[in-house]
Amino acid sequence: MKVVIACGGTGGHLFPGIAVAEELLKQGHEPLLIISEKKVDAEASAKYENLRFEVMPAVAKPSTLSPKMIPFLLGLVKSIGQCKQLLKTEKAEVVLGMGGFTSFAPAYAGKKLGLRTYVHDSNAVPGKTNIMIAKYCTKVLLGLEAASSYFPGRDTAVVGTPVRGELENLPSREEAAAKWGLDPAKPTLLVFGGSQGARGLNTLVVEAAESLECQVLHVAGQLDFERVKGLVGGREGYHTLDFCDDMPSAYAVADGVICRSGASSMTELAYLALPSVLIPYPYAADDHQTANAKVFADAGAALMAQEKDLDGEKLAALARQLLPGAPEREALVTQTRILGEGSAVEEIVNVVVGETSAS
Ligand SMILES: CC(=O)N[C@H]1[C@@H](OP(=O)(O)OP(=O)(O)OC[C@H]2O[C@@H](n3ccc(=O)[nH]c3=O)[C@H](O)[C@@H]2O)O[C@H](CO)[C@@H](O)[C@@H]1O
């Protein structure tokens, strides 16, 4: 079956799309991934030589009264035309949008051509674009049950969020520690701020680490890397990097994680049963990262704190609970593992290739 997957713009849309494409390929189907012109898409897709990618311009929607609205609408019309052409040339049978604005034109074009069309939303509070796209879709696929109420009258299915295939086989802790110049025998925290990094979180972690007895692998993000490196100085057992293109090795050395509550990051934590402190990105649309983090915190699968309520000392007290030997750690691991059960990739592929009629 020929399936076009629109998934660019951010790691949180791209990696789940790649995971679905890899499974489709394994099952003998023919996926094609539409990604955006953004650097993050080019970098992340480069290592998947087995997959076919098509770059399409995607412009984020400006606010309704913005003067940018007219060029945006013209761009959108053009983009829909290009997508229709691509779907026809590709002889696509199904369109799957992994969410966000890069999904709009492909999903709309697919609907107009009479193809089965799906959109996936991984957050507890779905994006406005996805709510808009939903009316052109055969079915809306959700990462978290909490999002169902935002799609009244639509056919929805809670399928979870796909995890990248490369996390199936982590390197050994020893190999991973050697890669980062860390000691495999020492407790280790992994810190990252989503695919775009996080200045406030970075500062808090550097402060907290001063009183923690553990190593730190800190992915600071490209924009904040030099500043964080300066703050850390030559501290032993503290490895800072700008972007991590080897998350399996990063997770393999970690006993616990401090990160934002983006849906893909959280899905990976659950899949690997890693305990975490989740610090929602304060400016995320509709505060959806707080809603995401609450799902894990309410299940006892993670600790959660707002950036504004934290200082170095408070964060250190939370992070200590993630380290081996801490009495709280075992329950967090158990609950996280429960949330990681089931395979979203399989469920999505079953829906996408299994259904036969458009609604
Ligand atoms: C600020 C914001 O609005 N972020 C949203 C964005 O997430 P964003 O893409 O920022 O974050 P996610 O947590 O969903 O995904 C991050 C992905 O990037 C990977 N990674 C991260 C750092 C790194 O150095 N290398 C690397 O590979 C992680 O392993 C993960 O797979 O889309 C998600 C899906 O709609 C939302 O849930 C997030 O809330």
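We number each residue from 1, going along the chain as drawn.
Glycine is treated like the rest: Cβ placed from N, Cα and C.
Annotated features, as they stand in TrEMBL:
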BINDING   Thr10, Gly11, Gly12, Asn123, Arg164, Ser195, Gln289  UDP-N-acetyl-alpha-D-glucosamine binding site
DOMAIN    3-141  domain 'Glycosyltransferase family 28 N-terminal'
DOMAIN    188-327  domain 'Glycosyl transferase family 28 C-terminal'
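Recorded features from TrEMBL, shown on the structure.
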residue : record                                        : Cβ neighbours (10 Å)
Thr10   : UDP-N-acetyl-alpha-D-glucosamine binding site : 22
Gly11   : UDP-N-acetyl-alpha-D-glucosamine binding site : 20
Gly12   : UDP-N-acetyl-alpha-D-glucosamine binding site : 23
Asn123  : UDP-N-acetyl-alpha-D-glucosamine binding site : 28
Arg164  : UDP-N-acetyl-alpha-D-glucosamine binding site : 22
Gln289  : UDP-N-acetyl-alpha-D-glucosamine binding site : 27
State the three-class DSSP label for Gln289 (UDP-N-acetyl-alpha-D-glucosamine binding site), counting H, G and I as helix, E and B as strand, and everything else as coil.
helix
Per DSSP, Gly11 (UDP-N-acetyl-alpha-D-glucosamine binding site) is which: helix, strand or coil?
helix
Using DSSP, how many residues of the domain 'Glycosyl transferase family 28 C-terminal' (188-327) fall into helix, strand and coil, respectively?
60 helix, 23 strand, 57 coil
